[in-house]
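Copied over from TrEMBL, here are the features:
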BINDING   G11, L12, A13, A14, M15, G16, N34, R35, T36, V76, K77, A78, N104  NADP(+) binding site
BINDING   N104, S130, G131, G132, H187, N188, Y192, K262, R289, R451, H457  substrate binding site
DOMAIN    180-473  domain '6-phosphogluconate dehydrogenase C-terminal'
ACT_SITE  K184  active site, proton acceptor
ACT_SITE  E191  active site, proton donor
Amino acid sequence: MTAQANVGVVGLAAMGASLARNLAHHGNTVAIYNRTPKRTDTLMEQHGDEGAFVPSYTLQDFVDSLIPPRTAIIMVKAGEPTDEMINALADLMQPGDIIVDAGNAYFPDTMRREKEIRARGLHFVGCGVSGGEEGALKGPSMMPGGTEESWQTLKPILESIAAKAEGEPCVTHIGANGAGHFVKMVHNGIEYSDMQLIAESYDLMRRGLGMSANEIGDVFEQWNKSELESYLIEITADVLHEQDKTTGKPLVDIILDHAGMKGTGTWTVQTALSLGVPVTGIAEAVFARGLSSQTALRQGAQAIDFAGPDGSLQLSEQERESFIEDIRHALYASKIVAYAQGFNEITTAAQEYDWKIDLAAVARIWRGGCIIRAKFLNRIAEAFESGQAETSLLFAPYFKEAIEQAQASWRRVVARAAQYGIPTPVFASSLSYFDGLRADRLPAALIQGQRDYFGAHTYQRVDKEGTFHTLWAEEGRPEINA
Ligand code: NDP
């Protein structure tokens, strides 16, 4: 087999086949290999004329067909199959060659793999890919980690296939080892929050205002012309306008209300807990999906028939219009909090793992190709570029003003939802996060007192340096310098 391909793809299921075709569409000569030959044959039969493919039926032939330094992109099942494939390739490749894992890996796995492969003299790049199968084919947003040296080789290849936002390719070198998969993980966490916020908005209109799915679809269509313009708002309008073919009812009424998940949201929250970063909105979004799927628990609660409001907001015609506007403002403010929390997690991890992550560049590559693509990411990029969002996105004047303007609406939405019995976990927790940040004094002082009382955990004082403990059980409760 002569070396002729500048890039190769291993694993030709939905994602790998789409990525290989995208590469071929953009002038790359693409080596392809799949464990089961049938997938390779199917790709060649159905799409072989779309560009330059070099099919192989053994991994050795696949590696031999690549021009050094060889670049092999792995798109196989996450977990053990990915480890097996990385090792099999590393056995056949040469020092300086590049193995890219473009699957959905958990970043500690990527860090471990990078270390192992680096020890063998090869480059290992964990690359987050967002946009699903269609994105992989037509232009994904990509988040590669790994060395600067490997980025120099990968840059033209990945830029050729990435989505373009305002003419710029949606790919950038995120940072060393696991940084790419970390940022992709947080992207998914923000996506969970964004989706839950949209769902809460829908619920407020559907149950709260008694609007039809179609009417709410129209509202989202309008909102997509505002600062909320985004892919998720756009597809929400489509989903709500869809009729079920068999019953003629809105499809959303026929779909079982159990939200699934594959684990990236959970990883985002678990990691945030380890790093000590409060990503409250993302956590509530993950838990809301969890609750939705707790069939026995929900059926049990239905059977008990708890007394309480039924979710109807009972507003006059005039109040309804202004409440829909309130929901729009609450959605925008909460969405800003979701991004602020997500970026906060990235910043904290960057310090922990010594990654140099350009947050403005991250915001820019999320403008196209990925699920959370949105107009306001331009504003986020500007906020980071100007240095105004170094501590928190909420501190940048543009977002400070946006939240302040939305604030009264946001509070009305959360208050009404609580009063009338509509669950709004992400609206409410985002508002609490904001109020927690703003507070001059937090009740954490009381918690420190309690901790010192039962566990002698000590506390600090506001008026002098040092660590103190109160002898709570003794008369007069004397304080000692602990
Ligand atoms: P799957 O996750 O369904 O994996 C199927 C592919 O893995 C097939 O090519 C299969 O080969 C190969 N494979 C499985 N086990 C092995 C093994 N032990 N050795 C060699 N090859 C093996 O495919 P997808 O295309 O859905 O996803 C690929 C990767 O991309 C996954 O990591 C996924 O998490 C990630 N991803 C998926 C997205 C999506 O929207 N689907 C979005 C972003 C990332 P064979 O044909 O021989 O069975």
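Backbone N, Cα and C atoms are what each Cβ position is placed from, and that goes for glycine too.
Recorded features from TrEMBL, shown on the structure.
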residue : record                    : contacts (Cβ under 8 Å, 6+ apart)
G11     : NADP(+) binding site      : N34, R35, I74, M75, V76, K77, M85, G103
A13     : NADP(+) binding site      : N34, R39, M75, V76
N104    : NADP(+) binding site      : A78, G128, H181, K184, K262, T264
G131    : substrate binding site    : G139, P140, S141, A163, G369, C370, I371
H187    : substrate binding site    : G128, S130, M143, G342, W366, C370, I371, I372
E191    : active site, proton donor : L232, G265, I371, I372
Y192    : substrate binding site    : M261, G265, T268, I282, A285, V286, R289
H457    : substrate binding site    : Q448, R451
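Under 8 Å, Cβ to Cβ, and six or more positions away along its own chain, M15 (NADP(+) binding site) finds M75, A102, G103, V129, E133, A136.
DSSP classifies K77 (NADP(+) binding site) as coil under the three-state reduction. The domain '6-phosphogluconate dehydrogenase C-terminal' (180-473) scores a mean pLDDT of 97 in the predicted structure.
Under a cutoff of 8 A between CB atoms, and with a sequence separation of 6+ in the same chain, T36 (NADP(+) binding site) has no neighbours.
Other Cβ atoms within 10 Å of the Cβ of K77 (NADP(+) binding site), summed over all protein chains shown, number 12. For the recorded positions K184, R289, the ranking by surrounding Cβ atoms (within 10 Å, all protein chains) places K184 first. Taking G11, G131, H187, Y192, R289 as the candidate binding-site residues, the subset whose CB lies under 6 angstroms from any atom of ligand 1 consists of G11. All protein chains shown were included, and the count of other CB atoms within 10 Å of the CB of N34 (NADP(+) binding site) stands at 25. Under the DSSP three-state reduction, N34 (NADP(+) binding site) is assigned to coil, being neither helix nor strand.
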